[in-house]
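Scroll down for the structure; my scribbles are underneath it.
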């Protein structure tokens with residue numbers, strides 16, 4: 001059995017005042033936010049020694065210390081081997097030797113929980129709570145039994161009794177919060193946590209645990225604005241010393257990493273950003289923030305309906321390629337391949353990729369994604385002046401001719417309505433001239449006289465070649481400076 005006097009660093013004949021003083025000193029040395037296991041041990045020692053009845057019970061243990069110690073060692077062996085039936089038998093033997101040892105009853109209650117025999121455990125803790133009404137640990141364990149039985153109202157009743165005895169206990173704060181959440185009462189959980197934070201009318205480091213639980217509630221509620229407000233509060237309460245900042249950053253960073261693993265990237269980004277402000281030199285946090293931010297941007301781009309899917313594909317493939325079915329991947333690559341070899345589609349793709357470049361630079365310049373885009377640019381540049389695929393261009397040019405009218409003179413000069421040069425000139429007409437009033441007048445003038453003039457032009461004649469020379473220069477200018 002643990003020596004509770006040593007844990008609190010006091011003597012065996014310590015007064016109640018000395019016990020309280022020892023508890024407070026050890027609590028400052030091992031705050032619950034940093035040392036939960038140590039805190040639990042300190043709290044157990046204090047709860048036992050502060051009450052005269054439990055203290056007498058504890059001291060009675062030492063009358064049979066040798067025999068009980070041997071049995072407790074056996075109990076420990078059985079527990080490590082997860083042989084709970086044998087552990088139960090050993091504890092019952094100890095209670096025959098000394099029936100009133102509370103911590104042995106406590107251990108028996110825990111064994112029943114592990115065996116899922118909650119009713120037996122409840123009976124033990126109900127008796128312990130009756131005997132030791134101020135013992136927070138017993139109240140929490142009684143509440144947990146009811147939680148396991150999914151009797152949340154009874155669980156919360158005992159948790160609240162424990163909370164009223166010790167409203168700074170992180171275990172009980174945690175249990176109350178999750179009981180409300182499990183009962184689909186998220187607003188009650190938020191109200192409880194806010195009341196805990198405001199209980200002393202000040203915001204300080206002691207409120208960190210409750211604030212961290214608030215973050216979880218706002219994530220469940222999908223309330224980003226409240227989450228940001230809470231993060232700002234956490235940033236304010238961070239003490240100036242590096243150790244405390246490091247502790248808060250570590251706790252939040254761990255939470256952010258869990259959210260990242262769950263695919264909740266937006267919240268992971270917000271939380272890791274606060275971690276960076278607290279501890280800007282930790283590489284792990286930097287990388288977590290970078291990756292979370294990339295996923296946030298990627299999801300934003302994927303939902304952006306103003307950009308064509310094919311232009312997004314390098315991003316989709318990078319982040320979600322493993323989740324895409326092979327046939328969908330193959331189809332996307334096939335469509336990309338066809339797109340870059342089709343003039344109209346290629347020009348559209350260039351525009352769409354440039355939108356990503358300017359609106360989503362973080363994604364565009366991510367090394368692997370940028371490599372993919374550069375390969376697409378390379379292929380598009382290599383086919384820019386080559387003859388297009390008749391199959392696809394025929395459909396495009398027929399569509400353009402039907403919708404916008406043919407370029408009569410250009411068609412006569414180049415000998416085909418679907419040549420690259422004619423398509424560039426059509427694009428100049430549709431994108432540069434038609435949007436302006438002056439341009440529309442020029443187009444109207446052209447269509448008034450060009451059908452007559454085009455009939456006079458013969459392919460490869462001197463007038464035709466002169467016009468072609470002029471148009472070629474103009475087309476080079478358009479490709480270099482206007483449609484680049």
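Note: Cβ is positioned from N, Cα and C throughout, glycine not excepted.
What TrEMBL lists as domain 'J' is 3-62.
The repeat 'TPR' annotation in TrEMBL covers 102-135 (among others). Assigned with DSSP, the residues of the repeat 'TPR' (102-135) fall into helix, strand and coil as follows: 27 helix, 0 strand, 7 coil.
Per TrEMBL, repeat 'TPR' is recorded for 136-169 (among others). Sequence-distant contacts of the repeat 'TPR' (136-169) (same chain, at least 6 residues past either end, Cβ-Cβ under 8 Å): 32, 40, 43-44, 47, 106, 109-110, 113, 116, 118, 121-122, 125-126, 128-129, 175-176, 179-180, 182-183, 196, 199, 206.
Nonlocal intrachain contacts for the repeat 'TPR' (102-135), taken as residues 6+ away from its ends with a CB within less than 8 angstroms of a stretch CB, comprise 1, 47-48, 50-51, 53-54, 57-58, 61, 68, 75, 79, 84-85, 87-88, 91-92, 94-95, 141-142, 144-146, 148-149, 158, 165.
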